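Participant: The feature signal peptide is assigned by Swiss-Prot to 1-28, with experimental evidence given as support. Annotation comment: Swiss-Prot describes 30, 63, 89, 151, 184, 265, 281, 290, 306, 319 as N-linked glycosylation site. Marked as disulfide bond by Swiss-Prot on the basis of experimental evidence: 33-100, 41-164, 98-162, 100-164, 224-257, 252-274. Taken from Swiss-Prot, the feature chitin binding site applies to 50-51, 117-123, 142, 145-152, 155, 182, 186, 211-213. Annotated domain 'LysM 1' per Swiss-Prot: 111-158, in sequence order, evidence recorded as sequence analysis. Annotated domain 'LysM 2' per Swiss-Prot: 175-219, in sequence order. According to Swiss-Prot, the feature transmembrane segment maps to 336-356, an assignment based on sequence analysis.
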């Protein structure tokens, strides 16, 4: 390997290289997956582009997503061109499919990186992939016995960290986040709408004051509730956080998420070759709502099947917005309180009668 030969040209350079490799952590992150092995879901990393580039180049570099899904993951307009510029040092969410195996989550056989002249595994891990992965993890994933021996044009699977675990029983999308200079867990949690205690527990952090720059955190982002069936091929892939959108069912369905409702909003895309979308109860089109307030129902996307031909499924969904759920919970709690007060009052009356 040319880079290794150059590095070992002098004893001093060889010693420096050895120190760098020994100092590198064996694991960039410890993302656990408690779900069944083989489970897949949507995850992402928050990538910082070291140089000026374009969205099209990022799609090609990571090869884990399409341009429409990359734009959706970052809340950018649908019509944004692949040539649109990405400034140096700006951050972009890169979505990918996560697969859980043996209590560990890693990107599902992608991205694939082709070794270039002068490349080394540590440089690939740090400079190309923001140190979301270590050279040891790349070597292990590709069955490379000697990390110093890789060849130009060799293809490498880069195992990015991820998870498909739920958080307190709710679906989330796990974002791999690299801690910036001077950042703390409280500010990071507030930025992404999670509690600091959740962030600390998820990342097994006992002392938040010891957070280090470049440390990789698992940030479980809240996602919109959906009506997608567990039997649908995309039931774990449409995990959309606030302000994002995505395409599914052969790009025939577009779904978006907003924190105003936290309820997945899906509409049909009028693409050539897309099948007709069934009405709900014979009257409501996909995305249409009947009624108002917490008693309203919406024709929701519930998945697709594609055994012989693409079939899109819909179903009626009740209003599951946060406001309505809180209202229902509040009313139930109020009713229980009133019942308790009635029982207490009744017993007080009996006690008073006994003393008369």
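Every residue, even glycine, has its Cβ placed from backbone N, Cα and C.
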Participant: Long-range neighbours only, meaning 6 or more apart in sequence with Cβ under 8 Å: which ones does residue 265 (N-linked glycosylation site) have?
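Facilitator: Residue 265 (N-linked glycosylation site) has long-range Cβ partners 224, 255, 256, 257, 258, 287.
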Participant: With every protein chain in view, what's the tally of Cβ atoms within 10 Å of the Cβ of residue 274 (disulfide bond), excluding that atom itself?
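Facilitator: So the number of other Cβ atoms within 10 Å of residue 274 (disulfide bond) is 16.
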Participant: What kind of secondary structure is residue 121 (chitin binding site) part of, going by DSSP in three states?
Facilitator: helix
Participant: Just to be sure I understand the packing, how many Cβ atoms besides its own are within 10 Å of the Cβ of residue 184 (N-linked glycosylation site)?
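Facilitator: Here the count is 13.
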Participant: List, in sequence order, the same-chain residues at least six positions removed whose CB sits under 8 Å from that of residue 33 (disulfide bond)?
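Facilitator: Looking at Cβ-Cβ distances below 8 Å from residue 33 (disulfide bond), excluding near sequence neighbours, one finds 39, 100, 101, 103, 104, 105, 163, 164, 165.
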Participant: Could you tally the C-beta atoms, other than its own, that fall within 10 angstroms of the C-beta of residue 162 (disulfide bond)?
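Facilitator: Counting Cβ neighbours of residue 162 (disulfide bond) within 10 Å gives 30.
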Participant: What is the number of other Cβ atoms found within 10 Å of the Cβ of residue 257 (disulfide bond)?
Facilitator: 27
Participant: A 10 Å Cβ contact count, applied to the recorded positions 41, 100, 150, 211: which residue has the minimum?
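Facilitator: Counting other Cβ atoms within 10 Å of each of the recorded positions 41, 100, 150, 211, the minimum falls on 211.
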Participant: By DSSP, what is the split of the domain 'LysM 1' (111-158) into helix, strand and coil residues?
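Facilitator: Result for the domain 'LysM 1' (111-158), in helix, strand, coil order: 15 helix, 6 strand, 27 coil.
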Participant: Would you list, in sequence order, the recorded positions among 50, 98, 142, 151, 162, 252 whose CA lies within 10 Å of the CA of residue 41 (disulfide bond)?
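Facilitator: Among 50, 98, 142, 151, 162, 252, the ones whose Cα sits within 10 Å of that of residue 41 (disulfide bond) are 98, 162.
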Participant: Could you check what DSSP calls residue 50 (chitin binding site) once collapsed to helix, strand or coil?
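Facilitator: In the DSSP reduction, residue 50 (chitin binding site) maps to coil.
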